[in-house]
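Report on one structure; see the data block that follows.
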């Protein structure tokens, strides 16, 4: 048994060694000293490139040449991008290239990086010679080769061999340079497709952003403004990460964009995104304190992103990875990114859990964790390569879908908010109406109570006094006249406080007759329509409104004539009060108690009041709908 096991073990080891041997041989054979080209080339240059970091205090071609002779240039993992992170020193790359065709052909050696400057060297008989320098901060119109990325032209004659060096100085971004070596035609063919893809998405984002800003201005809704800002930040990040900034032709806009950094922009975008999601899902009050705490933390990181961005914009030339302060800001920024993403995920999961939608909440949180502005930046910077960079990028598709979804949800949420607000206004109006109705009822009850008290107490007393005076002091005409007037005034107040059990038109006509008997103004009453059309519940408010209008004419108009008209049909009741008095300015004298009572009673029945007044008199029209 042991022998069988031993033979089995030896067989496995032998098979495994047989598998490893070609793999090891393949690993050794993966690298090559020379890149052979014959037209368009799509090979990954990691097989042929070697690198060296110049940490000397005087980085120049002499040090690179010496390092090359001492075999200090090394390979990195094949089929991968060289990622050195925050590298405060110049990076040197070495490449041997040989043409395998008899004719002369031009090639481009291109680098897709945010490096400040890239200097190209070729080895000649006299030594290394600088052939070209490309700076990231140059607009397309000022570059020798009009491309968004840094590139130089390499001319190879038939079967010519060349040894090339390049120095990359990248002091404020990660040292994560993608490079290729191919013909200009092949490169531009790919670039044309790239421009169409990126241009389409950026155009869509810009259109949606413009619409959001327009809606925010028209509706005065700040969340649409936040959404527009969020989209603009995504556009800025896309322009920077896709090296599209040099293509900006406007000098001012180019100056602004080239002095921005994607990391603080990503932090700001994430923090604004948190507020948008918070508005959409509307957490319940039961977790309000926790959500407020998460929001405060998010706002702190939002402020940090803004400060970071402004500081970088002002001091860009003075910053580099060799300092202690700038890397500290960088790492705090990276930590901020992960914390804000976590805050958003926790806020989503907690809220959806309270709404018993935990599974959709987890899915939504995962999508936002996986595809977000910060993840887009981290992936391009080589800090967190969790999905492959393709064109058009996955991120653009996800963000495009997210933008459409968030835009629709924002519109739905805003509509729901408006509906809730309208419902609250309706409830408030109904409550005000009920309050006003109750006040009117209480007022009528108080009037009746006062009238009863006056009739039972004061009325009885005055009647007794009148009886005594008429019997005992019949010759004192003045005293009899005074007690008679007091008795008549008391009756007038009784009638004012209480309404007789008569029809609407009769009550108003009696009131007009009474005023004509005791006043200096000649009143006329005109009634048109059927009295029975007016609902019983509306008769008392109409009487009170008419009495108030008559009282105002008596107190303020100084008129000699006045007409009260009442018109009723199946659709409305209309009251018109006209006088030939001195008039008044409705804007200055519309706050009196009488006018307020008229407005309150009319509003209770959805009525409208129109007042026109001049030197020849005043006309007041009160219209109350019956339907």
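Backbone N, Cα and C define each Cβ position, glycine as well.
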Where TrEMBL places transmembrane segment among the ranges 123-149, 150-176, 231-257, 420-446:
231-257
Need the matching range: TrEMBL marks transmembrane segment on one of 90-115, 194-219, 454-479, and I'd like to know which.
194-219
Examine the ranges 29-50, 51-72, 293-314 and name the one recorded by TrEMBL as transmembrane segment.
293-314
Go through the chain and flag residues at least 6 beyond the ends of the transmembrane segment (263-281) whose CB is under 8 A from any CB in it; none is fine as an answer.
223, 226-227, 229-230, 233-234, 236-237, 240, 291, 295, 298-299, 301-302, 304-306, 308-309, 312, 330, 333-334, 336-337, 340-341, 343-344, 347-348, 351-352, 368, 372-374, 376-377, 406, 409-410, 413
Note the mean pLDDT of the domain 'Histidine kinase' (449-627), expressed as a whole number.
78
